[in-house]
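Visitor: Sharing the features that Swiss-Prot gives for it:
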TRANSMEM  11-31  transmembrane segment
BINDING   127, 169, 170, 171, 172, 293  substrate binding site
BINDING   127, 167, 169  Mg(2+) 1 binding site
BINDING   167, 170, 293  Mg(2+) 2 binding site
């Protein structure tokens, strides 16, 4: 007998069961719909909002700019005081001394600790080794410059998806030769391996270029590029092979600029208000190159509609190994696919490691 003397008929039991199943169906279908929507959206899912496990990319851009500037002050101070304390920390891929100076070390210390003190959870890869006891109390004042506020909206991403790449002094060889126009400090932010924020700072002129993918920038591409007879920019340290192959591909009269520093070379493709900045249409590098040398430039080019790829035209991912073994080809305002196709006929598309 049912409680309180209520007798349930078979029909009543059936109705009750159907109602229960209906409630469960709606709850579960709502859950599945949410999961399916998230799957479809993928990376386009809504901003997760502020939280302990997220970072605002606008803030990260601001601290990256500040880090590049602070590092630049150290670089300039050391050079002007002529207290470089130059030494070799190994060999480059071309067999030359891989030089390090006090400028590299002090810039690295400021840049690394500014970012880590502001965002302790983030993974930061840097060219110079950071000792566990080598701390710096430098802190970010949380100030976001007006030009960033005006262009960039708040956007939160998961902290674990971020990898940062720092080059505290790009073009160290030229720095020791007092060819300071080539010198830059650089910061890059990659999300899930893709470069989305880039900062390139020239310490000796005070010029800073920054850009954020799907956001804004402080720099723009030039009004025109020469696709018929492009000017190429290559490294000073191993220009022989690149010049030969480039002229075989594009003609013996092709103009080729030899320059120091990957940051400087990327800026040569853009509209830079600096009388000492050379201009080119295409940047080529045929040997191994470290990711902290190229990540910032890659992010800036991506944000402005340009491309930086391996010599095979493959996307460069900024996770895992610090080494990009595929060489690189960078352009903007050009048909990048055509460049890859032409060069692949002449270049050894698997960038080779030179004999030491």
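Any Cβ shown, glycine's included, is placed from N, Cα and C.
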Visitor: Taking the binding-site residues one at a time (169, 171), which has its Cβ surrounded by the most other Cβ atoms within 10 Å?
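Guide: The most densely surrounded of these binding-site residues is 169.
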Visitor: Using Cα coordinates, what distance in whole Å links residue 167 (Mg(2+) 1 binding site) and residue 127 (substrate binding site)?
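Guide: So the alpha carbons of residue 167 (Mg(2+) 1 binding site) and residue 127 (substrate binding site) sit roughly 6 Å from each other.
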Visitor: Given the binding-site residues 127, 170, which one has the fewest other C-beta atoms within 10 angstroms of its C-beta?
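Guide: Fewest other Cβ atoms within 10 Å, among the binding-site residues 127, 170, is found for 127.
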Visitor: For each of the binding-site residues (167, 293), count the other CB atoms lying within 10 A of its CB, then report the residue with the highest count.
Guide: 167
Visitor: When DSSP states are folded down to helix, strand and coil, where does residue 170 (substrate binding site) land?
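Guide: Note: residue 170 (substrate binding site) is in a strand by DSSP.
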Visitor: Using the Cβ center of 127, 169, 170, 171, 172, 293 as the substrate site position, which other residues in that chain lie within 8 Å, going by their Cβ?
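Guide: Those within range, site residues removed, are 104, 167, 168, 175, 183, 184, 186, 261, 262, 263.
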